[in-house]
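Some features that TrEMBL has for this protein:
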- 10-417: domain 'TRAP C4-dicarboxylate transport system permease DctM subunit' (DOMAIN)
- 49-73: transmembrane segment (TRANSMEM)
- 142-168: transmembrane segment (TRANSMEM)
- 174-194: transmembrane segment (TRANSMEM)
- 222-238: transmembrane segment (TRANSMEM)
- 244-264: transmembrane segment (TRANSMEM)
- 276-295: transmembrane segment (TRANSMEM)
- 315-346: transmembrane segment (TRANSMEM)
- 358-379: transmembrane segment (TRANSMEM)
- 399-419: transmembrane segment (TRANSMEM)
Amino acid sequence: MVSATILGILVLTAVLILLGVPVFASLGIGGYLLLQVTSVLPTVLLGQTLFTGLDAFALIAVPLFILTGDAIVETGFSEKLLNFTQSVFGGFRTGMGTATLFGCGLFAAISGSNASDAAALGRITLDRLEERGYSRSYASSIVASGASTGILIPPSISYIIVGLVFGISASTLFLAALIPGVAILLGMVVMNVVMNRVQGYESGTGHPQVSDVAYSVWDAKYGLLIPFIILGGIYSGVFTPTEASAVAVITAIAIGVVLQRLSLPQFPEMLERSALVNGVIAPIIAIALLFSQALSALGIPEALVSAIIGTTTNFYLVTLIMVVILFMAGAIMETTPNILVLGPILLPIGERIGMHPVHFSVFFISALAVGFITPPIGLNLYVMSGVSGESITDIAKDAVPFMLAMLAIILLIAWFPILSMWGI
């Protein structure tokens, strides 16, 4: 039974997050108070524990993948990737929307981040989508939704972190996540086709020309090379994800310098952006791990397992309950703290109903990704609002169909383990 004191601390933590207090500060206050209640960790060891949470080789990949994405944007390769997808799909009805979504998928296979996808592609695609008849708010919702694949399609920073928490290699998770990530992307493409039929946004300009496709492939060759190096190297066993991130960033920068698309004055700004993103993630990882340890010491994960499993052991019903929990959590808190706080709590529930840890990890991250287009947090909604000038409310409303498509595919991922376990 959770005492009134502990419940009060948990409520205080939730209120701080809802009031907009930075997540690391909210969890830090809550975690410190919980540790004082449990006395499980002497205060003198607090600093050492925080440092230990970040002492993982796999985390080196986080800033390197972000830097790779920045290099792709600075060199102009991201625009060439979009030109490639547009040459393939742009001539069809709904083609520009489809091209944008596949462009998000390609960029996801480089940066491993969703917000950078939204910002980079939003600046390139919004005017193109408007020219093809899309409203600006719906165009923004396409990019916001497609960019959420940044954590779904390998290499994904979120899978690196969840692998660290669950003790699963990132390479294994990247293999397991490939088909589910692509399936969610295809679900969004289908939903965009449906919405076009309903709203009549885009009529199309004819079938793609082989010569145009061939030219765009050649023009985008360097941009296409980077995801080939990353995914090919990881799946073939040549690189670990961390090594792949280093090779990718060196390759992207080297090509940019040789082609004179990158110059020395651009490097400080690129490094600063990567450091800023990593500077946000690192404190959250350290403090959320501490908060998670405090919850474990209090037996809260076991209590939640008993509460849910005591109510029902039906596989489909329990997965629905977890989807609701993750949907609500993703709406009020960012992915990284959700992984670190909810992961150790929900994994035992998944295992109790027969989910393999790898299968659960893919289901878990996929469900959290919906939070990127769900208010009030909805990080991609804020990014696209800043890029487009449209209100968050309008973008969120237009993103609802994509949210429903994601939820439908997530249930398929949960109920059909073969989608994530085929290569394990």
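Heads up, the Cβ atoms here are built off N, Cα and C, so glycines get one too.
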Taken over the domain 'TRAP C4-dicarboxylate transport system permease DctM subunit' (10-417), the model's mean pLDDT: 86
Count, for each of 49-73, 142-168, 244-264, 276-295, 358-379, the Cβ pairs lying under 8 Å from the transmembrane segment (399-419), and report the range with the highest count. 358-379
Closest-packing stretch to the transmembrane segment (49-73), where packing means Cβ pairs under 8 Å, from 142-168, 276-295, 358-379: 276-295
